[in-house]
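Enquirer: Before I ask anything, here is the structure I am working with.
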């Protein structure tokens with residue numbers, strides 16, 4: 001059984017039939033570089049790679065030019081249906097490909113050898129940790145220079161050119177170094193297929209003298225890319241379903257919790273289906289927010305140990321059985337390893353494996369097939385949800401601010417909550433925005449993304465650029481702290497070049513707040529910027545941009561009304577001035593527990 005890419009061969013645009021997220025972007029961006037007048041329409045390596053990107057749905061490539069990749073970029077530009085988006089630096093190009101992959105299912109970036117590759121490395125590591133298929137394309141040295149004793153620029157001064165490759169080997173699932181044409185077709189197709197199958201980044205290095213060359217293996221209209229999907233072992237699937245159904249049907253008050261690997265398994269629909277049929281209350285791990293239907297009446301919130309949604313942890317941890325779909329238990333998601341869970345009560349469902357309690361483990365099982373089959377075998381049980389209903393008390397809204405009273409963070413997020421709809425998506429930066437955005441109840445169709453496993457501050461600027469470019473049917477609302485913004489601010493200019501209309505809330509509290517709550521020190525204080533002034537300078541009267549500095553609730557209400565009204569077609573940048581100690585109670589609790597975990601003394605030797 002094979003999975004073919006589907007689409008319109010006449011225009012070259014196609015994407016995996018299983019990829020239903022996002023929509024293909026319209027070819028209308030000021031950031032797109034016009035194709036040069038060239039005869040590059042033949043069956044060349046560059047054209048083959050460009051066509052493959054279009055076929056899989058990566059119709060935007062985030063790039064930084066360098067002398068080793070310039071010819072390759074010419075072929076990317078020349079490909080109909082493919083846009084080349086120039087970024088301010090390689091790190092943001094990688095972050096943009098990460099955000100794009102979250103909305104579209106796959107992303108791509110293109111940089112130059114070593115100086116570009118090592119700069120994008122951090123972003124690719126983040127994509128690897130978050131299980132995102134990103135095609136990282138590097139323009140490499142001239143193929144004639146491999147195996148010689150020549151020393152090239154953009155290297156560390158050694159004749160061995162493999163340093164960059166070795167760096168990428170641990171953060172990509174496949175590496176292709178193309179320095180001859182004979183196996184270029186095979187290497188490109190294998191790399192792309194592996195990225196889609198494994199849901200991890202891949203590395204493709206193309207010799208700078210090869211992109212414009214033809215070879216018999218390349219065809220003017222490439223043969224469609226076929227990916228053989230993984231299949232469940234039918235016997236194992238039946239045994240696993242029987243064991244899990246017996247385990248859960250014996251429980252008095254079972255619950256379900258969705259984890260981040262639901263995305264990898266493409267099991268959002270299957271999870272929603274079993275949640276509906278089983279009658280169980282269900283929660284979401286913090287890193288999986290946006291992957292389960294929060295508009296469902298039996299959704300009980302975020303399960304995050306001591307900083308869970310009110311009454312959620314009580315129901316989950318008091319259950320006598322719980323089904324976790326795609327969980328990742330790290331020090332952050334477990335709040336310093338403090339979750340009150342028992343392994344013998346859990347059914348752990350990973351993308352290709354099921355473990356039932358302390359008992360049997362079953363491999364070669366797809367999560368989607370397992371959840372669909374299990375849903376038909378579970379007895380309906382609403383006991384845990386009935387218990388939740390008995391103890392539930394709605395959270396109180398924060399009191400309105402007084403006239404001219406300094407704005408509080410909880411007031412800000414009260415108003416952000418009212419902005420959400422199926423036509424919006426939330427990007428939450430590492431920091432206190434993690435905790436405040438977790439409290440937002442997402443309406444049906446509302447997107448949500450953040451980077452919990454890797455937690456690289458500054459990620460959200462590039463991710464906002466990429467997500468907005470991939471999901472043009474949504475308006476992105478980004479919540480970014482001032483410390484994070486200082487890392488990657490310059491690619492707001494790329495958002496303007498692309499004509500994006502995101503709303504960025506820059507929360508200015510004068511420092512690295514999340515680090516303050518883990519371990520305070522003078523290094524957590526940063527130089528304050530005039531952030532709206534910076535964006536005005538970047539805008540420079542070129543593009544649609546509106547900025548506002550806000551200090552009170554009245555000013556916030558007015559700014560949001562303008563951003564969603566008169567300036568709805570603009571990139572809106574709203575700087576929120578708050579007190580340096582204004583943090584969520586969840587961050588205070590989480591920070592103290594993570595600090596305790598970090599400061600554990602060495603085990604006795």
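Glycine too: its Cβ is placed from the backbone N, Cα and C atoms.
Not my notes, these are from Swiss-Prot:
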type: BINDING; residues: 67, 154, 515; note: substrate binding site
type: BINDING; residues: 482, 509, 511; note: Mg(2+) binding site
type: REGION; residues: 432-514; note: region 'Thiamine pyrophosphate binding'
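Show me how these features fit into the structure around them.
Expert: A C-beta separation below 8 Å, combined with a sequence spacing of at least six in one chain, links residue 67 (substrate binding site) to 112, 154, 208.
Close to residue 511 (Mg(2+) binding site) in the fold, though at least 6 residues off in sequence, lie 482, 483, 524, 525, 526, 580, each with a CB less than 8 Å from its CB.
Across the region 'Thiamine pyrophosphate binding' (432-514), the prediction's mean pLDDT works out to 95.
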Enquirer: I'd like the number of other C-beta atoms within 10 A of the C-beta of residue 482 (Mg(2+) binding site), please.
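Expert: Step by step: centre on the Cβ of residue 482 (Mg(2+) binding site), count other Cβ atoms within 10 Å, giving 25.
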Enquirer: Of the residues in the region 'Thiamine pyrophosphate binding' (432-514), how many are helix, strand and coil by DSSP?
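Expert: Counting residues by DSSP class gives 37 helix, 18 strand, 28 coil.
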